[in-house]
Amino acid sequence: MIGIIRTLWLTFLHLFHKNDTVPYPETKPYLSPRYRGRIILSRDPNGEERCVACNLCAAACPVDCISLQKGEKDGRWYPEFFQINFSRCIFCGFCEEACPTYAIQLTPDFEMSEYVRQNLVYEKQDLLISGTGKYPDYSFYNVSGLAIPGKDKGEAEREAAPIDIHALLP
Amino acid sequence: MIVPMPIIIVVTFAAVMGVAAVSTMVERRLLGFFQDRPGPNRVGPFGMFQVVADAVKMLFKQDWVPPFADKPVFLLAPIVGFMAVLLEFGVIPITPHWSIAGDLNVGLLFVFAMMGLAVYSVVLAGWSSNNKFALLGGMRAAAQMISYEVFMGLSLLGVVMTAGSFSLHDIVLAQSRCWFVIPQFLGCIVFLIAGIAETHRLPFDLPEGENELGAGFHTEYSGMKFGMFFLAEYAGVAMISALITTLYLGGWGGPILPPFLWFAIKVVFLICFFILLRAALPRPRYDQLMSFGWKILLPVSLINIVLTGAILLWQAGA
Ligand code: SF4
Ligand code: SF4
């Protein structure tokens, strides 16, 4: 009996509490930078595409919504096309984890509704941004041991000069 | 001021429908506030046109009669429930001069007769739907409403004895010095609880217990037929509030403000209290509901009658 009256009273007091609801379109909620929303493809600090078309993201994707084709130019790989089907994407972020070059990144934006399902298939030009995203200084070819035009073996950051296997010196 | 009868009838019924419709919106907003959220607030200022939107939605829904239903009864059930509630309002004295039936000398009995009819609506709905859940809901409703009507009637006897009349008009006049809620406190509490059970409102909404019965007796109803059950339920809440106001809270009586305003204030307050009950209390189990009724409310209302009778005799003798 006392319990019932106390419940009534406490519930009544909630009339004077502040609402927890965020009136969404007018007030946007804060989304942390790590929020897993719309996917983008970023560029390295030199403005080149970061993606090296390694297909790791497509392999990691649990719903198989990434599709890309490798192309090659000056010894570098790049995606000829790169599609993400956002009508299937579950925003799990596995692609971002799998990517060795920080090319594919998830962003704090989720307002991507469409009236036509087909419009949810984003092409490379829709995905590619002009900046570096979350990792401003990272450039895959600057740290990898791969030789590309303008950067030979042993010239990458923190990379020792290659061992001359024909020399007899220790 | 003498108002022609047709105007009284039309205005009263229109007002009841209006109150029932608006209270659906008020309920949702209030429930929202009780749960720290704003509730429906998008349609029109403060979400006031939500009612209109709901009504339009309900009207344009497909009005479907299941092929396995007993069609005439299926159609009849919501109408019976709705009419019964509306008729109850006929005897409520809203102000000294504003009541459809005027000063009906068996007003209270008439209200009870109509409440008895309202049971039919629920039982017939459950029966004619030819659906297990609906039937279970209807059975529950029948048992619940019939047994709670007993305590309701018994709890009122104190009021009738004190006022010496079945006429609601006389009962209000008898409260000009002291509202019956004070001498008849026990009766008022029992009446309130029985009233909730009678309108099968939460926390006593076992006939519709969503988690067990789908939607209970109106599982098969759609469109405006469902809307009638819905409106009847809210009109029933307004009805119980109006009855409590009339019987225990002095009806239209009160200082300074005009009688109608006093009546409206009390009724609105009680409706909000009903909504608070819904927000705060969990639904009891069915056997708990029944044993609470027969083992607690029945003795309490009997004690109330005995005490009232003893006091009245003592006063008369003194
Ligand atoms: S977020 Fe998950 S589902 Fe979406 S593209 Fe990346 S791996 Fe696939
Ligand atoms: S986005 Fe990353 S993981 Fe996917 S193909 Fe390009 S480099 Fe590989």
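Glycine is no exception: its Cβ is also placed from the backbone N, Cα and C atoms.
Here's what TrEMBL has on this protein:
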| type | residues | note |
| --- | --- | --- |
| DOMAIN | A:41-71 | domain '4Fe-4S ferredoxin-type' |
| BINDING | A:Cys51, A:Cys54, A:Cys57, A:Cys99 | [4Fe-4S] cluster 1 binding site |
| BINDING | A:Cys61, A:Cys89, A:Cys92, A:Cys95 | [4Fe-4S] cluster 2 binding site |
| DOMAIN | A:80-109 | domain '4Fe-4S ferredoxin-type' |
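Overlay of TrEMBL feature records on the structure.
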residue : record                          : Cβ within 10 Å
A:Cys51 : [4Fe-4S] cluster 1 binding site : 26
A:Cys54 : [4Fe-4S] cluster 1 binding site : 18
A:Cys57 : [4Fe-4S] cluster 1 binding site : 24
A:Cys61 : [4Fe-4S] cluster 2 binding site : 20
A:Cys89 : [4Fe-4S] cluster 2 binding site : 21
A:Cys92 : [4Fe-4S] cluster 2 binding site : 14
A:Cys95 : [4Fe-4S] cluster 2 binding site : 24
A:Cys99 : [4Fe-4S] cluster 1 binding site : 21
Worksheet item: Where else in the chain does the domain '4Fe-4S ferredoxin-type' (A:41-71) make close Cβ contacts, counting only residues six or more beyond its ends and a cut-off under 8 Å?
Response: 77-86, 88-90, 92, 94-105, 124, 127-142
Practice prompt. Enumerate the residues of the same chain, A:Cys51, A:Cys54, A:Cys57, A:Cys99 excluded, that satisfy the criterion Cβ within 8 A of the mean position of the Cβ atoms of the recorded [4Fe-4S] cluster 1 site; list them in sequence order.
Written response: A:Val52, A:Ala53, A:Asn55, A:Leu56, A:Ala58, A:Cys95, A:Ala98, A:Pro100, A:Thr101, A:Ala103, A:Ile104
Response to the item:
A:Cys95 ([4Fe-4S] cluster 2 binding site) sits from A:Cys57 ([4Fe-4S] cluster 1 binding site) (Cα to Cα, rounded, in Å) at a distance of 4
Worksheet item: Of the binding-site residues A:Cys51, A:Cys54, A:Cys99, which sits closest to A:Cys89 ([4Fe-4S] cluster 2 binding site) by Cα distance?
Response: A:Cys99
Worksheet item: Where DSSP helix means H, G or I and strand means E or B, what are the helix, strand and coil counts for the domain '4Fe-4S ferredoxin-type' (A:41-71)?
Response: 5 helix, 9 strand, 17 coil
Worksheet item: Cβ under 6 Å from ligand 1: which of the binding-site residues A:Cys54, A:Cys89, A:Cys92 qualify?
Response: A:Cys89, A:Cys92
Practice prompt. Could you state the whole-number distance in Å separating the C-alpha atoms of A:Cys61 ([4Fe-4S] cluster 2 binding site) and A:Cys51 ([4Fe-4S] cluster 1 binding site)?
Written response: 16
Worksheet entry | Among A:Cys54, A:Cys61, A:Cys92, the binding-site residues whose C-beta sits under 6 Å from ligand 2 | A:Cys54
Item to complete: Could you pull the average pLDDT for the domain '4Fe-4S ferredoxin-type' (A:80-109)?
Response: 93
Worksheet item: Between A:Cys99 ([4Fe-4S] cluster 1 binding site) and A:Cys92 ([4Fe-4S] cluster 2 binding site), what C-alpha distance do you get in Å?
Response: 14
Practice prompt. Note the Cβ centroid of A:Cys61, A:Cys89, A:Cys92, A:Cys95, the recorded [4Fe-4S] cluster 2 site, then list each other residue of that chain whose Cβ lies within 8 Å of it, in sequence.
Written response: A:Ile39, A:Cys57, A:Ala60, A:Pro62, A:Val63, A:Cys65, A:Ile66, A:Ile84, A:Ile90, A:Phe91, A:Gly93, A:Phe94
Item to complete: Report the DSSP secondary-structure composition of the domain '4Fe-4S ferredoxin-type' (A:80-109) as helix, strand and coil residue counts.
Response: 5 helix, 9 strand, 16 coil
